[in-house]
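As recorded in TrEMBL:
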{"type": "ACT_SITE", "residues": "120", "note": "active site"}
{"type": "ACT_SITE", "residues": "262", "note": "active site"}
{"type": "ACT_SITE", "residues": "292", "note": "active site"}
{"type": "DOMAIN", "residues": "114-194", "note": "domain 'Beta-ketoacyl-[acyl-carrier-protein] synthase III N-terminal'"}
{"type": "DOMAIN", "residues": "246-335", "note": "domain 'Beta-ketoacyl-[acyl-carrier-protein] synthase III C-terminal'"}
{"type": "REGION", "residues": "263-267", "note": "region 'ACP-binding'"}
Ligand code: COA
């Protein structure tokens with residue numbers, strides 16, 4: 001080998017398209033209080049949520065994903081990608097994955113298409129997966145969609161969970177580029193702890209419940225969460241993950257212009273910001289208007305903040321998520337010049 005041979009630089013994944021889409025139907029706290037033993041003041045003070053969007057009967061996750069994906073492609077100014085990743089906890093069916101049908105409906109048949117499951121951390125795991133496809137040369141352009149219809153798995157009479165979750169989809173397009181250009185995603189921290197799988201579950205519908213036999217009960221068919229324990233884990237794991245990503249990048253907390261966390265609960269987001277010594281004003285939150293939208297929450301929060309010019313080109317962002325599994329993850333980027341579609 002000649003000693004002066006240089007290997008080509010590994011391509012970085014650069015964000016070049018962004019969009020969010022929520023179903024039109026809005027459910028306010030007051031509307032929930034008509035059927036649940038709760039009230040607007042309790043929901044607002046405990047969660048920061050005022051309303052959420054809910055899919056129509058018959059509307060599935062792929063429908064939301066297609067809507068967001070189409071707008072993200074438009075924002076990126078492209079109609080072709082090499083891979084489509086859908087990250088969701090509410091796939092259309094247990095089999096097959098949701099991404100192939102989404103790709104085909106977007107006119108992207110032939111592209112690689114698969115789902116990533118990491119519950120509410122899905123979007124950050126999806127970003128890392130897309131970055132890996134681009135770094136390995138498998139893809140030059142990737143459409144990543146976070147989409148969830150929690151209304152299809154939450155028991156509408158469960159007052160603890162029905163108040164928190166909303167439906168929605170957010171999408172980004174990533175292209176091959178250079179690590180030092182605005183929009184390059186990097187310095188990932190990803191983690192998990194399966195010892196706490198019972199904290200967030202849908203017990204039935206998978207091989208565990210089928211292997212043990214018996215008809216699933218009403219409770220087993222619905223989403224269950226041990227809220228107080230989840231709350232504690234969310235604060236400590238998100239703060240730790242954010243710190244790891246910052247130290248990997250050599251950033252100080254003060255270098256972060258905007259902290260864009262998974263929108264779990266406003267109190268969780270503020271506690272994480274406090275733990276990091278980050279002024280709460282730098283925490284981007286749209287949970288009041290959409291609730292917790294699972295894998296869609298970070299791209300929806302980004303699209304909303306960019307559309308309102310709260311986030312501008314050149315500003316430095318820390319994205320951090322936490323979800324069932326348990327799973328958590330963070331990554332950093334400098335915001336690029338781009339026009340989101342909402
Ligand atoms: N309206 C009114 N009261 C309610 C209620 C509701 N919607 N939901 C629960 N309560 C009641 C409880 O029954 C309990 O009553 P009790 O003291 O008589 O037993 C009381 O309010 C306090 O319940 P608790 O569960 O301790 O409340 P909390 O302050 O922990 O808030 C959550 C509950 C679910 C909002 C909170 O635990 C939370 O946000 N957890 C994390 C959820 C999350 O972010 N999940 C996503 C992670 S990705």
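Quick reminder: no glycine exception, Cβ is built from N, Cα and C everywhere.
Residue pair residue 292 (active site) / residue 120 (active site) shows a Cα separation of 9 Å. In this structure the C-alpha atoms belonging to residue 120 (active site) and residue 262 (active site) are separated by 7 Å. Across the domain 'Beta-ketoacyl-[acyl-carrier-protein] synthase III C-terminal' (246-335), DSSP assigns 38 helix, 22 strand, 30 coil. Summarising the environment of residue 262 (active site), the number of other Cβ atoms within 10 Å of its Cβ, over all protein chains shown, is 33. Around the Cβ of residue 292 (active site), the number of neighbouring Cβ atoms within 10 Å comes to 25. Reduced to three states, the DSSP call for residue 120 (active site) is helix.
Residue counts for the domain 'Beta-ketoacyl-[acyl-carrier-protein] synthase III N-terminal' (114-194) by DSSP state, with H, G and I taken as helix and E and B as strand, are 25 helix, 32 strand, 24 coil. Other Cβ atoms within 10 Å of the Cβ of residue 120 (active site) number 31 in total over all chains.
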